[in-house]
């Protein structure tokens with residue numbers, strides 16, 4: 001066996017990292033466990049052992065991604081292809097960075113990593129060998145190496161022997177940029193990408209998700225340009241090989257609804273769809289743990305064991321975890337290798353073409369039906385809208401819904417114009433004869449959330465085909481086709497108007513929501529394709 005798979009300090013010098021005497025290459029889980037619990041570690045490097053066997057770490061002030069500190073080098077590679085924050089009507093996080101400032105940031109990170117004991121993890125992003133990225137992660141922090149080992153696809157010994165990285169991620173979490181003001185950047189922290197050098201730099205933030213979502217943003221750039229759909233969704237497959245994908249923003253039920261004892265999980269967050277079918281980008285899951293209980297979500301709870309890595313949870317002195325405590329952040333998380341879930345697709349997280357495409361929304365306005373069947377144009381319209389709404393409490397106890405529109409149910413991670421993702425998705429759907437549905441997991445006129453029991457019955461009706469055979473009627477204003485009845489679902493809730501004391505109450509709320517949809521979609525009307533889709537949306 002070659003030491004470090006033949007990776008030498010000289011090879012790191014090619015990236016600008018010098019004077020490295022100790023490389024820990026693709027460490028085993030056992031070694032990472034020892035490293036994280038090393039009593040000499042201080043600050044955010046230190047791990048704490050919990051009673052479930054998993055190590056817990058803190059990520060400091062950054063307990064989520066830092067979208068305002070995200071930059072992409074604008075050069076000949078990206079100038080005409082990237083969806084830039086400073087061009088067009090759409091708002092996004094893709095702020096341009098000059099090649100000169102990139103060189104300065106790269107100097108800061110390589111200086112931070114030089115002369116240190118480094119962890120180097122080689123892994124794949126993408127379960128399809130033809131289109132996967134071979135990524136090399138370089139960090140001085142053991143638990144960050146653990147995080148990427150959990151989240152990305154772990155190569156076999158044979159694959160490692162011939163590993164040539166397509167992309168380099170240098171994580172300099174301990175360094176910051178003192179010249180940020182002169183360079184007109186957002187802050188001293190940075191998450192920067194260079195598509196020509198094929199490199200990501202991280203400075204100032206310890207949050208592990210920057211590495212996960214950074215590579216997702218890169219797949220979101222590279223794949224659609226090859227005609228492959230790149231999707232922020234979960235996916236599962238039934239006994240007959242029938243594949244379903246679930247799009248949805250945070251809190252709409254992506255993970256919960258795709259974790260189904262009757263079906264095998266392909267993945268819970270990031271997927272591609274190519275000529276062979278749907279494939280996972282990842283080798284692990286990154287689940288929210290706030291208010292987690294063994295009773296409500298046994299699969300996730302049972303996945304928290306040795307080799308899982310908890311982030312920002314409260315660990316009591318006896319090692320037990322207070323999952324209800326959100327004092328550090330509501331965004332408490334756990335990463336674990338996908339095989340910690342029993343019911344998964346093996347040995348590779350991929351399956352055939354999807355025939356059911358489900359858009360999940362949690363409508364706090366109480367306007368949208370629990371389920372509707374979409375036309376091809378409505379599919380594009382609702383995909384580009386990416387709507388959900390949260391209930392935000394105010395001090396007087398009045399709860400006003402807050403709408404969120406996030407293009408393609410993942411605007412934060414898009415690298416190309418949203419219409420490009422919609423076009424690729426629709427092409428894939430048409431070729432596979434796939435049907436799309438809009439499922440509201442939120443509220444209705446009763447003021448209560450639609451029950452998980454009803455939602456699961458709706459998903460079953462979609463997946464077993466009974467919804468496609470049901471009689472439908474059209475909901476006015478939104479022109480959505482709603483089934484008149486479904487097995488196992490309370491018929492009264494299918495028409496949202498029936499859940500109000502009077503139809504006028506629904507009408508009033510519907511007008512408010514319809515206007516929000518129309519105003520949001522205006523940003524897509526600067527292209528002929530976008531303008532043509534306006535008719536598929538609500539009409540006042």
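Every residue gets a Cβ built from N, Cα and C, even glycine.
In three-state terms derived from DSSP, residue 65 (substrate binding site) belongs to neither a helical nor a strand segment and is classed as coil. The C-beta environment of residue 65 (substrate binding site), restricted to residues of the same chain at least 6 apart in sequence and closer than 8 Å, consists of 191, 207, 209, 210, 213, 412. Residues or ranges marked as substrate binding site by Swiss-Prot: 65, 207, 213, 333.
DSSP assigns residue 87 (N6-acetyllysine) to coil in the three-state reduction, outside any helix or strand. Taken from Swiss-Prot, the feature N6-acetyllysine covers 87 (among others).
DSSP gives residue 269 (Mn(2+) binding site) a coil state; it is part of no helix or strand. Here Swiss-Prot flags 213, 232, 269 as Mn(2+) binding site.
Taking Cβ-Cβ distances under 8 Å and a sequence gap of 6 or more within the same chain, the neighbours of residue 333 (substrate binding site) are 209, 286, 287, 288, 289, 310, 311, 312. For the recorded site, residue 333 (substrate binding site), the DSSP three-state label reads strand. Annotation source Swiss-Prot lists ATP binding site at 213, 232, 248-256, 297, 333, 449-450, 455, citing sequence analysis.
In this structure, residue 523 (N6-acetyllysine) is part of a helix by DSSP. The N6-acetyllysine annotation in Swiss-Prot covers 523 (among others) and is backed by sequence analysis.
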Least buried by Cβ count (within 10 Å) of the recorded positions 232, 523: 523
Largest separation between Cα atoms (Å) of residues that the record links to substrate, namely 65, 207, 213, 333: 14
Listed in sequence order, residues with CB under 8 A of residue 250 (ATP binding site) and six or more positions away: 288
Those residues of the chain, 6+ apart, with a Cβ under 8 Å from that of residue 252 (ATP binding site): 360, 361, 362, 388, 441, 442
Nearest of the recorded positions (87, 248, 450) to residue 523 (N6-acetyllysine), judged by Cα-Cα distance: 87
Under 8 Å by Cβ from residue 256 (ATP binding site), same chain, sequence gap 6 or more: 297, 452
